[in-house]
Every structure is written in C-alpha cells, then in structure tokens.
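The domain 'MARVEL' annotation in TrEMBL covers 13-148, 153-297. Marked as transmembrane segment by TrEMBL: 44-66, 78-101, 121-142, 154-177, 192-218, 225-246, 272-291.
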Amino acid sequence: MESTGGPYLNTAAVTSPVGIARLLQMTFGCTTFSLVAHQGGFSAAYGTFCMFVWTFCFAITVFIIACEFTHLHSCLSLSWGNFTAAFAMLATLMSVTAAVIYPLYFVQVGCYPIGCEVRDFRIAASVFAGLLFVAYATEVFLTRAKPGQVTSYMATISGLLKIVQAFVACIIFGALVNDSQYGKYVATQWCVAVYSFCFVVTVVVVAFSVTGKTALLWFPFERSVVIYTFGAVLLYMSAAVIWPVFCFDSKYGSPQRPGLCAKGKCPWDSQLVIAIFTYVNLLLYVLDLAYSQRIRFVSHL
C-alpha cells in the first residue's frame, strides 16, 4: 500500500529539543519513583503526595510522547498545543514541590535509624527529583510563546500564569482545611468565597482552552478572560486586606503566634500561609492582567 498521508511516525517527537526534554522527564521520573519504591521508602501524606506527583507526571509524559510519535494526538478532541503547554507548567510546579518536600521530610545526614543504604537511596531519589523539575522547566522555557509569535493560549505568559494561579489556590485550600478557623467571621468566609470563585473560573478557562472549545462560545472568549482577570484582581485585593485584619489584628485574632500552639496543628500557622499566598496570587493576577493585553488567542492550535 502507498502512503498518502506522509510518514506514520513522527521522529521529531523524540529528536527535537522538546522531545529530548520529554525523554529526560520520562527517564528521571521513572528513576525517582523506582528508587523510592525499591528502597528509599515513603510514608504519611507528604510521601504519598510525592509518589503521586512522580507517577502521574511519568504517565502523562509517556502518553504525550506516544501520541506525538504516532500522530495519534490528531485523533483526540483536544487542543494539543494548549494541553501540552498546560501540563508542562503544572508538572513543573508539582515536581518542584515534590523535590522540596521529599528531602525535607525523608533525607537525613546520618544513617541512624533508617540505615545507610536507605539514606543513600533517598538522597539519590532527591537528586533525580531535582533533575525532573529541571527537565519540565526546560520544556516550559522551550515551548513558551515568543514575542510576536502566534501560538496556543496556554503557551503564553497569561496562559501559564493561569496554571500557577490554580496551583497557588490549591495551596490556600490545603491551609484552609488545616484548622484555619475561617468560619469564625463572615469576613473570612468572604475570603474563602473569593478563593473558590477565582479558582473555579480559572480552571474553566484552562479547560475551555485545552479542549479547544473556545471558538464555539457565543461570547468573545478573549475579552471575557480579560474582564474576569480584572475582576479577580479586585476580589483578591479585598481578600488581601480582609484576611490579615481578621486573623492578625488584636481585636479579632492574634498578631503573634500563640506560645502553646502545637507545631503542625496551629490555626495561626495556617492563617499565615493563607495570607502569604493570597498576596502571591494577587500579584499573579495583576501580572496576568498586564500580559493579557498583549496576546493573541488561537483556539485551534
């Protein structure tokens, strides 16, 4: 039979700079969770999270390489450029988090009481976890939108910031459920509503971009995203003022950490984490609003 559609296999999927970065991601990811599962060990929620990150990122990376190598991505109802750009940014954030958490909780200088062999495996796993983060960050750097380039929305600065905003919101939610006492005042409940609303809308924006359904909407997607980002800036500004006042003002909360507060189970600690990441997300939305004025949306890439 004669082929009329070009070569069946896309060798550029594994030979291009991006393809090589993905092969390194697959290699480093497999090595990391294999070292941990074989001898390094993991426990509690922190260890489980790290193992989930490494296995999840490995599985999706293998899927992306296989689809691009065999051209199967053209059969999927996805905006492939948006999907790969969004995953690369998400994997970068997840992998750097795991690369910090695992050595922080599981690596020690001495051999007692885990033994030198287990310690060495954990150190090696930490090294490869760091290399995994570098590999994903490299893909983000290689695939990001260049000035004047027409590209997928998720590859732009504004699109990448959407992933970071959602990730930071997840950190805020984690601190909220860790005995933050947010239900104590109506004002702090308003802040939770702000975090939840902005997170949901941001995820919806990412979902529409990744599925390539923005062209089917009856309203201009790009203009709506800019308007929403402006609204998110205003909402986060209100939370950035309200949350610290009702948590750290002496009239409503405690300006300093209570001396008898148990480590890891102190509401003041959770409130501080939420306050910090509220300002982080506010800055991210401000940057997003600034960059969203300069991009061109392409839904079909």
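For all residues, glycine too, the Cβ spot is worked out from N, Cα and C.
TrEMBL labels come from automatic prediction, so no person has curated them.
Given the structure is predicted, the values throughout are model-derived calculations rather than measurements.
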Take the transmembrane segment (154-177) and find every residue of the same chain, 6 or more past its ends, with a Cβ under 8 Å from one of its Cβ atoms.
81-83, 85-86, 89-90, 93-94, 140, 143-145, 192, 195, 198-199, 202-203, 205-206, 209-210, 225, 229, 270-271, 273-274, 277-278, 280-281, 284-285, 287-288, 291-292, 295
Short question: which residues 6 or more past the ends of the transmembrane segment (192-218) have a Cβ under 8 Å from it?
77-79, 82-83, 86, 152-154, 159, 162-163, 165-166, 169-170, 172-173, 176, 182, 225, 228, 232, 235-236, 238-239, 278, 281, 285, 297, 299-300
For the domain 'MARVEL' (153-297), mean pLDDT (0 to 100):
91
